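**Student:** Features from TrEMBL:
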type	residues	note
SIGNAL	1-15	signal peptide
DOMAIN	200-217	domain 'Tyrosinase copper-binding'
DOMAIN	381-392	domain 'Tyrosinase copper-binding'
TRANSMEM	471-494	transmembrane segment
Amino acid sequence: MLTCLLLFCVSRTYQQFPRSCASRDALLSKQCCPPWDGDGSACGASSGRGFCEFVEVTDQPDGLQYPFSGLDDREKWPLVFYNRTCQCAGNFMGFNCGECKFGYFGINCNERRESLRRNIFHMSRSERSRLVSYLNLAKQTMSRDYVVATGTYMEMGNGSNPMFTNVSVYDLFVWIHYYVSRSALLGGPGNVWTDVDFAHWAPAFLPWHRVYLLHWEHEIRKLTGDTSFTIPYWDWRDAQGCDVCTDDLMGDQSPQDPNLLSPGSVFSSWRILCSQAADYNSRGVLCDARDEGQLRRNPGNHNRNLVERLPTSAEVEFTLSLADYDTGAMDRSANMSFRNTLEGFGDPRTGLGNSARMNMHAALHVFMNGSMSSVQGSANDPIFLLHHAYVDSLYEQWLRRHTPLPSQYPASNAPVGHNSEYHMVPFIPLHRNREYFISSKDLGYEYTNLLSVSQRLSESMHPYVEELQNVWPWLLMTSFCGGILTVAIVAAVLTAKRRYRGLSWPLARSENSHRNYQTTM
């Protein structure tokens, strides 16, 4: 109870959608320019960190997949809620310019540092344990900086009646993934438009998830104080099952119910939210972040007509060989499109869109057969992070192999939310899609599977080296004790020899006879 009260008090000292922008005044003024604590000025303007500016949105035409305008709060994000936000200068970032851009650290954000995302199976036992504990801490800790919307802007009386609720740091990102992929509410029960998604089925799929992971990583670093933390990846090529589904990692299956997680995993106690898309659509409402039961997973027990097996190395290589980032209508029908094939709607053997089976990225979601298999609720499962980190590494590999010009990313006629100048829903601070059509190294991180051969070999030895470092004091102590014992034995033998030489011959024969007798007996 005391912990809950402390968390409640902490949450009241900050405000967030960002918390400070979820108030009636902020919504009615349509301004989200919170003060930076460092100098008390909006966006840290007095320190030159940023300024409160009008939001500029693109006027380039969208594709025909979404035939409406002005009906969904996410259109021309974030104008429905705010038309003025913080525009940060230099290496500063954040909803109040109080943080650093990705890849920069320090009080003045002038320390450039490259983080390394590693194969989860190249992590030591202590590193895996730390990962699980950080995930669980994020699940149990209320977000200090953000709240989530439980109603549309219209339901909020156009800002006069704010509808927001608190969630944990982990669940904030569950809600973000739900909100960006939910159906458009057109008014009334069942009146929805399902063929819309501001982060999937179109060009922004890879840049959006890249930003998602970067923010998630950033929030864990803030929560734990561990600025070296990075999200590991699961290389699922050619896997015959869920390699990461063990109790020391993402959780084994429950022996009592294969749809649930083993009681030996900390994740077996996790509760999920925002996973019941069909129910929200039938009622014509948003997810209200209520508890929707236990985390569910049953890997491999999925619809085989939808997903035959997990992706192969050959399919990954074919996907990476596709030279065009996106093609045609830039949706699930796109042919020979790297984005569409990696996302899973293009066939990774032919490159043709509208594949009858789910492949690549989508195949993993279906294969998990539980919370992961719902687009809107998939982030409830921590495997989501490992999976998308690997997908992001493939995106990075494609960028380095093909070095596309910025113009390869479409400026117009992509599905709504996916043109290059569109601000990513629902992030504040604002990010444009085109800003993340660049190498991860420009954003301050690298993947171990993209290192040189010698570096990869060294990296694969990392867990063994760390284990050796953990046991070397014991080995040293054992060696030391062994050395003392050896000296003692040698000394005893030498002493015995000296005594033996001093004995008379008859006595020596007598003792030898007696020893043999005892042996015979």
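Glycine is treated like the rest: Cβ placed from N, Cα and C.
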**Student:** Near the domain 'Tyrosinase copper-binding' (381-392), which residues from the same chain, at least 6 beyond its ends, have a CB less than 8 A from one of its CBs?
**Tutor:** 117, 120, 135, 177, 206, 209-210, 212-213, 216, 231-236, 242, 244-245, 250, 267, 295, 297, 342, 361, 364-365, 368, 370-372, 440
**Student:** Tally of helix, strand and coil residues over the domain 'Tyrosinase copper-binding' (200-217) according to DSSP?
**Tutor:** 13 helix, 0 strand, 5 coil
**Student:** What are the helix, strand and coil residue counts for the domain 'Tyrosinase copper-binding' (381-392) according to DSSP?
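**Tutor:** In the domain 'Tyrosinase copper-binding' (381-392), the DSSP-based counts are 10 helix, 0 strand, 2 coil.
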